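In what follows, a single structure is set out as structure tokens and then discussed.
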């Protein structure tokens, strides 16, 4: 495995204790990645690295480009500011040493086209026979009348078919003609018990045992790098890997944690089951409720859209919803939860004293007044900590179990 010339490392590479000196020649990262690491063991390893760790900040234009691209792929809500900077640094190094002609500027969009097959009439399902038209019942031949079974233990299965012929007698005659011994029933039971015992003793080669666990870990820690790769990113974040793959950048795997394919995501409402590709929405565009969940989708060759749902029950976790909603309050400074998109809120504006600005060139400026803006601490808006009208309806705390600030700075 030839080492990559330039490698950008994420926090997951340091937490997994990856041998980056064997993966790449020049190791890059940003200072925010090192700041994220809090455990003592990893910090001790960072203090005595066997290679030179280079800190480099990405340019703002690449940060803006990666941010817009991640919004189109649907991974933007899953990425932190540090993750976006790591992606931007990888894009910047690729542009400096390789070029951007082979990189994608737009992700692969999910397009739904008309399908030849009707979705309500599935075809070619394994294990099922779906006739197009009901066939008339066929009459039973007179020459072969159905024989009634002698043993009625399995009568429910024998009603609709003739009993299968027993070929044990014919097999015994063939063995007698060849001169072979016919095993008795007791010998067959003993042989079967021995075979089962041998099968149970065989542990197989695919099991992980204390003797081979170190070898398996060494194989998993190997990083499969394709040839002719000059810039790559080592990360264990699947959202970052998805963005890198869709942009055309190289992802270096650590401990075998690598996504198989790039997926696109949409938002699906679990209330009205409508979907939207606008990943920046908070409320459903059809019913207006806050019931949107991210779902990965793939498109087949015939244009059929397949949505992949998670079996994890935490996806639709009702935590914090067991409490009843508070009674809606009226007035200008009421704090009501934001439940629907078209819910109206009063305009929370600052007081006049807080909105006073000093402009000596204004025609209505009164001389002699203090040129300093007064700090409003007595009005009700200042008491309720209303900072700006863009905040909407103030503190809309939906979950009573959410963490709160215990220590408030006194005025």
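Just so it is clear, glycine is given a Cβ too, placed from its N, Cα and C backbone atoms.
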Query - Annotated region 'Disordered' segment (source Swiss-Prot; candidates 62-90, 91-119, 120-148) - result: 120-148
Query - Given ranges 181-208, 209-236, 237-264, the stretch to which Swiss-Prot attaches the annotation region 'Disordered' - result: 181-208
Query raised in the report: For the domain 'PINc' (5-108), DSSP counts of helix, strand and coil?
Result: 57 helix, 14 strand, 33 coil
Query raised in the report: Per-residue pLDDT averaged over the domain 'PINc' (5-108) comes to what?
Result: 89
Query raised in the report: Which whole-number value in Å describes the distance between the Cα atoms of residue 269 (Zn(2+) binding site) and residue 324 (phosphoserine)?
Result: 22
**Report entry** Long-range Cβ environment of residue 287 (Zn(2+) binding site), under 8 Å and at least 6 residues apart
**Finding:** 269, 271, 272, 274
Query raised in the report: Applying the rule Cβ within 8 Å of the centroid of the Cβ atoms of 269, 272, 284, 287, what extra residues of the same chain belong around the Zn(2+) site?
Result: 271, 273, 274, 285, 286, 288, 289, 291, 292
